[in-house]
Every structure is written in structure tokens, then in C-alpha cells.
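As written in Swiss-Prot, here are the features:
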type: BINDING; residues: G82, 85-86, T90, 92-95, 110-118, S122; note: 5-phospho-alpha-D-ribose 1-diphosphate binding site
type: BINDING; residues: G82, N113; note: anthranilate 1 binding site
type: BINDING; residues: S94, E227; note: Mg(2+) 1 binding site
type: BINDING; residues: R168; note: anthranilate 2 binding site
type: BINDING; residues: D226, E227; note: Mg(2+) 2 binding site
Amino acid sequence: MKGMKEYIKKLEEGSDLSSEEAEAAIGEILSTAEDEEIGAFLLALRAKGEKPQEIAGFVRGMKQAGNTIKPVTPFRVIDTCGTGGDGLNTINVSTAAAIVTAAAGVPVAKHGNRAATSMSGSSDVLEALGIKVDLTPGQVRKTIEKIGIGFMFAPVFHPAMKRVAGVRKKLGVRTVFNILGPLTNPAGAKGQVVGVFDKKLCEPIAYALAELGTEHALVVHGDGMDEISNTGETFVAELKDGEVSTYTITPEAMGMLRAKPEDIKGGTPKENARDLLCIFKGQKGPKRDLVILNAAAALYVSGIVGSIRQAIPIAEDAIDSGKVMVKFNQFRNFTAELSIQGKKEGSCPGEAFLASSDTSVLSPASGEKA
């Protein structure tokens with residue numbers, strides 16, 4: 001069996017690792033490898049460039065080393081997650097889009113972490129909104145099944161990642177770990193919208209997702225953002241039915257006005273939380289349009305509509321009808337109850353809240369409760 005030294009040598013020679021070798025390497029990195037070996041491996045891989053089978057192997061290895069859940073849901077579970085690192089400091093688009101998507105009836109297993117390069121990460125803004133993010137895996141599964149949305153806080157689900165934190169900080173450059181987060185969804189989401197900080201990553205990540213068994217995914221880079229953009233063109237690598245295709249979309253093609261970058265700027269977690277609440281309550285403008293575009297993409301990969309454009313009215317209605325605020329309040333209240341009382345083994349302390357609330361999932365495709 002090969003070890004880290006062999007993997008490092010192979011990478012330094014410019015050769016690609018097989019998916020199995022990549023999986024074994026990440027297993028060593030997250031367990032027994034020395035810091036010097038980890039640093040050399042990451043730098044050699046960065047110099048060579050990551051290939052789809054390597055990315056897929058790393059993802060498998062990370063999932064093996066972490067915690068996973070299998071929520072039972074009426075529809076395909078989806079995730080909206082970006083790599084971050086675009087340096088544009090927008091509002092928390094994928095987090096807002098996740099709540100809108102859940103309000104439209106699609107179960108969401110949102111994966112995220114604290115801010116690394118921006119002022120506000122997904123967990124930061126959720127905490128500012130009063131949502132508990134440090135739930136156990138079992139509690140998150142209950143939240144997805146009962147409410148239709150759950151947040152999987154990366155340190156809870158990938159505790160072994162703390163082994164590489166020091167090395168990554170010391171290296172001071174982007175490594176493969178900067179792109180693995182959105183791909184290691186602990187709930188095994190089969191539909192994904194993945195935002196990336198570099199257009200060149202779109203196709204390799206789409207092919208990696210294909211190898212990992214993802215059913216439908218959009219890997220996007222929009223006008224410098226790790227989101228679908230309403231300020232310019234968005235490059236998309238779409239994985240569907242095992243095939244990857246690429247194309248570009250514009251705000252105008254989606255029936256939306258083109259915005260200016262300053263119109264969608266974010267701020268601190270509290271400032272972004274305020275912006276998200278305004279959007280949820282129906283305030284119109286470029287920030288709402290940006291959230292709707294990305295929620296529509298999530299609805300598309302869920303399989304309930306045939307295109308992003310077809311999903312836009314569904315996302316708009318979820319906000320304007322008040323469903324989004326209802327879903328947000330359910331999410332906040334249920335996670336609060338679980339956080340306070342959920343340590344009792346085998347109990348589901350949110351049942352009292354559920355009994356007094358209409359939390360049934362409404363299918364936008366049929367209008368029937370499921």
C-alpha cells in the first residue's frame with residue numbers, strides 16, 4: 001500500500017492520482033500524516049492541478065472521516081453552497097436561497113461554515129438570524145425531516161478537518177480544501193448548486209460530482225462571484241443524466257434587470273441578516289433578484305421544473321405569499337427547541353412546536369400536500 005511519500009513524489013512528477021489513491025491520501029492527511037507531508041502534498045497538488053477523479057476521491061475520503069446523515073424526505077434533497085473566496089463580499093446568497101427553496105417545498109440540507117475570506121459566512125448570518133447552527137447530526141436530520149431544511153455546520157460534521165487547519169494557515173495559499181467543502185454534503189444531497197471562485201473549476205467539479213453519483217448539479221461562476229450573478233454573465237457547467245454541458249446565462253435571459261456590483265454588497269452578519277429579513281418580508285430590489293435567481297436554480301436541480309426560468313415565479317411566490325417568513329420562523333423556533341432540550345436521547349423536543357404549526361411540505365409542481 002502506498003504512503004504519503006509515494007503520493008507526493010507522483011504529484012511532483014506531474015502524474016495524476018487515481019480516485020482510490022486520492023481517497024487513501026486524504027485518509028492519511030486527516031489521521032496520521034505529518035504536517036510537513038500534508039504541506040508538501042497540498043503544494044504539489046496545487047502546482048499540478050486537481051483532476052476530477054482526484055477531487056472525487058478526496059470527497060469520498062472526507063466523508064468517510066466525517067459524520068453523515070440520511071434524512072427521509074418526499075423529494076430529492078438539495079444543497080446550495082459556494083466555495084467562497086471570490087473577494088466580492090456580497091450578501092449571503094446561497095443561505096437565503098436555501099430558505100426560499102425550502103419554503104417552495106423542496107427539502108434542503110444546507111452545508112456551511114463560518115466566514116474565511118468574507119465578513120459573513122453562512123453560519124455567521126444564520127446565528128445573527130437566531131438559528132442554532134451547532135446541532136448534532138441527529139438533530140439536523142430531524143430538522144430536515146420535520147421542517148424541510150437543516151443546516152450542517154462543517155466543524156460538527158467534519159471534525160477531522162481541524163488537523164489541517166494549522167498547515168493551511170501556514171501555507172497561506174488556496175489548496176484543494178478550498179473547493180472540497182461544497183462537495184462533501186453530509187446528507188448526500190443528490191441535487192446541488194455549487195458556486196466556485198474560479199471559472200476554470202466549473203467543469204472539473206461537475207465531472208467529479210458525476211463520479212460521486214450526484215443526479216443533477218449546476219456548478220456556477222457568475223461575473224466574479226461564486227453564485228449565479230445578476231450583475232453580468234454566469235458560466236454554468238451542468239451535470240444532468242450523467243452528462244456535463246456548459247453554457248452561459250444572463251440576468252436579462254432570466255427576465256431580470258442587470259444590477260451593479262455595489263447593489264448587492266454585503267456587510268457584517270447582523271447587516272446581512274437584516275438584508276435577508278427584508279427580502280423574506282417582500283422588499284424588492286437587486287438583492288432580492290439575486291436570491292431569487294439562485295433559489296430558482298436550486299428548484300431546477302430538485303427536478304420540480306424544467307428550467308431555471310420556469311422556477312423564478314415559484315421562488316417569487318414563496319416570498320410574496322409569506323411562505324418564506326413562515327419557513328424561516330419554523331426553522332428558527334425548531335432549532336432553538338432542539339438546542340435547549342434535544343440532549344435527551346431518543347426525544348424530539350420540537351414536537352410541541354410542530355403540533356401547533358402547519359409544517360406540511362407543499363409541492364409547487366402539483367399544489368398537493370405531501
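The backbone N, Cα and C atoms fix where each Cβ goes, and this holds for glycine too.
What you see is a predicted model, and the numbers here were worked out from it, not measured in a lab.
Cβ packing within 10 Å was compared across the binding-site residues D226, E227, and the lowest neighbour count falls to D226. Just so you know, the Cβ of T90 (5-phospho-alpha-D-ribose 1-diphosphate binding site) picks up 23 other Cβ atoms within 10 Å once every protein chain is counted. Fewest other C-beta atoms within 10 Å: among the binding-site residues H111, R114, R168, that description fits R114. In this structure, of the binding-site residues S94, N113, the smallest number of CB atoms within 10 A of the CB marks N113.
Close to G82 (5-phospho-alpha-D-ribose 1-diphosphate binding site) in the fold, though at least 6 residues off in sequence, lie V93, S94, P182, V194, G195, V196, F197, D226, E227, each with a CB less than 8 Å from its CB. Under the three-state DSSP scheme, R168 (anthranilate 2 binding site) falls in the helix class.
In the three-state DSSP assignment, the secondary structure recorded for R114 (5-phospho-alpha-D-ribose 1-diphosphate binding site) is coil.
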